[in-house]
Number of protein chains: 2
Amino acid sequence: MSKLNYGIAIFPSKEVQDVANSYRMRYDPHYSYIPPHITLKEKFQADKDEIAKIEEELEKISSQVKPFEIEIKKVSSFSPVTNTVYLKVEPNESLQTLSDKMHEGNFPDQREFSFVPHITISQDLSEDEHSDIFGSLQMSSFDLKDQIDRFQLLYQLEDKTWTVYETFKLGR
Amino acid sequence: MSKLNYGIAIFPSKEVQDVANSYRMRYDPHYSYIPPHITLKEKFQADKDEIAKIEEELEKISSQVKPFEIEIKKVSSFSPVTNTVYLKVEPNESLQTLSDKMHEGNFPDQREFSFVPHITISQDLSEDEHSDIFGSLQMSSFDLKDQIDRFQLLYQLEDKTWTVYETFKLGR
């Protein structure tokens, strides 16, 4: 049975997405693949039966976690591991719980890195470009708050763009 | 209270989306704003309270219509009204019902044109480009079938891209 690529993400409010996009449109070649997001679970493969089971799991997980607030105060970078610059989401127990539950039990794949909640605003740039951009953004401070009440399951098309497959509302 | 732009659409299966994207990436300047889709309700504005009511309505509507099949056999064009070329979705009572219900009662806006279910693959091209593309695609025949079991409410960001806000499953 053929498998698709799936991923799980949170889309913050329009306000936060607009801020992220003001950087992404210049600094992120993946800009047009997906709106600004917080990844809860990186790309994984599943066939129809497997994704049906995962949907049930996600239904359960969403009912176990109440809506919560996130805060963004600054920009950070994954350098030297990758040249990814991101809006740092302040440590958050609900985000950690959600992501942890999506890496247990029936879920495929183990984590490559520990979970760092973030919204990417720049990636795949040269070392010099990365230094420039991170250097100038590192000094900026932000005061973004957002109420998170849902997450979404997405699948990937051949052209690498992502389509939302299902929305899961928290605390229902 | 500030208003956002909302829209309601169906995203067909990856298979159908991949076919549409093979044309869109060349012929549609809106390609990166949203994945391939069937619009059920064009862009409208709503504030937080209004959209909460609309969500309730959509919940009802989704429960009243069962999952259904769509078929795509050919390409058509809205010329001379606009230079939009599209995958024609064969007439379908469920699609018509869904769209009709989203233009009644509490829903804002009236329809400008009658509902023609379609997946845009080319738009905003010059008259000559349109003639070329439509001329060459007009002869193609397709044999695409797809099972539709959900539709989605989206909002628009400042950069004109769309983010899915909620998924409504049919017949639940």
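In case you wondered, yes, glycine gets a Cβ from its N, Cα and C as well.
Here is what TrEMBL records for this protein:
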type	residues	note
ACT_SITE	A:His37	active site, proton donor
ACT_SITE	A:His118	active site, proton acceptor
COILED	A:37-64	coiled coil
MOTIF	A:37-40	motif 'HXTX 1'
MOTIF	A:118-121	motif 'HXTX 2'
*asked:* Are there residues at least six beyond either end of the motif 'HXTX 2' (A:118-121) with Cβ under 8 Å to its Cβ atoms? List them, or say none.
replied: 12, 16, 20, 23-24, 27-28, 30, 36-38, 72, 75-76, 84-89, 137
*May I ask which residues of the same chain, at least 6 positions away in sequence, place their Cβ under 8 angstroms from the Cβ of A:His37 (active site, proton donor)?*
A:Ala9, A:Ile10, A:Phe11, A:Pro12, A:Ile119
*Once the DSSP letters are reduced so that anything not helix or strand counts as coil, what is A:His118 (active site, proton acceptor)?*
strand
*Taking the Cβ of A:His118 (active site, proton acceptor) as reference, which residues of that chain separated by at least 6 in sequence fall under 8 Å from it?*
A:Ile38, A:Ser76, A:Tyr86, A:Leu87, A:Lys88, A:Val89
*What mean pLDDT does the predicted model reach across the motif 'HXTX 2' (A:118-121)?*
98
*What is the three-state DSSP composition of the motif 'HXTX 1' (A:37-40), stated as helix, strand and coil residue counts?*
0 helix, 3 strand, 1 coil
